[in-house]
């Protein structure tokens with residue numbers, strides 16, 4: 001029977017995960033669990049030092065604390081489900097739980113895109129207008145900037161998730177993914193999803209395109225300003241204040257571009273390999289990137305290193 005003519009409503013979904021590759025499941029269970037623990041520890045420590053160390057009570061570290069909290073929320077919305085799927089072949093999830101997880105992941109991902117743009121603006125003001133930095137980036141400015149990032153991400157998630165929830169799901173209920181990833185779920189709808197696709201394209205332009213353009217323009221001015229600094233030591237010091245953020249941006253957006261920008265295989269055998277590749281890339285984006293963020297900031301930032309040492313020795 002044609003899928004669009006079926007009327008039996010779907011009350012839950014089945015997550016395939018890596019059930020087609022059982023040998024990989026145990027290996028990835030251990031790897032993802034260890035990475036998740038590193039994420040909780042690393043980002044938790046960063047949040048603590050940005051709160052407890054008075055030297056880190058600046059806009060940059062306020063944004064960093066938000067980024068760390070966001071990474072914990074993002075991974076917690078999906079990693080427990082991923083770990084469970086490795087232990088339970090064809091893991092079942094209720095309709096409401098699926099869309100709840102989708103909402104949280106979507107909200108955190110969109111918020112991070114905007115927050116990275118706000119952090120780029122902070123670095124732009126610090127390097128290009130250092131004398132005006134205390135005036136421009138005061139509490140009345142940077143706290144609303146962070147709050148606006150969260151509000152924008154949550155609003156976008158409400159729109160996308162509510163639109164997806166209104167679709168009828170009355171045919172296949174098998175999601176070929178670890179989690180309730182929105183594109184994988186939309187494929188199962190037995191109705192026209194063109195409005196959902198248009199809405200997502202608009203959201204991608206706003207939450208991916210605009211922040212990337214903003215970050216790019218900010219760093220053009222930042223690099224131009226650094227190159228005008230006469231001393232090599234001055235250039236090194238200026239670049240060190242934004243190198244961690246730039247590294248995080250490259251890892252974050254680079255993974256997204258790789259995940260969604262690569263060409264699709266038309267060969268049936270190639271599709272199976274690409275399917276596995278897509279899942280593992282998604283896993284990298286969802287787990288490895290949040291794990292790297294505190295490591296990058298710890299390795300590339302003397303203030304954070306000193307604050308962590310002080311916290312350990314207390």
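Even glycines carry a Cβ here, placed using N, Cα and C.
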Segment assigned the feature transmembrane segment in TrEMBL (from 122-140, 141-159, 160-178): 141-159
Residues flagged as transmembrane segment in TrEMBL, choosing from 103-121, 179-197: 103-121
Surrounding residues of the transmembrane segment (141-159) on its own chain - C-beta under 8 Å, 6+ positions past either end: 59, 62-63, 66, 103-104, 106-115, 118, 121-122, 199, 203, 206-207
Per Cβ pairs under 8 Å, the stretch of 28-49, 205-227, 239-260, 280-299 packing most closely against the transmembrane segment (61-83): 28-49
PLDDT averaged over the residues of the domain 'G-protein coupled receptors family 1 profile' (42-297): 86
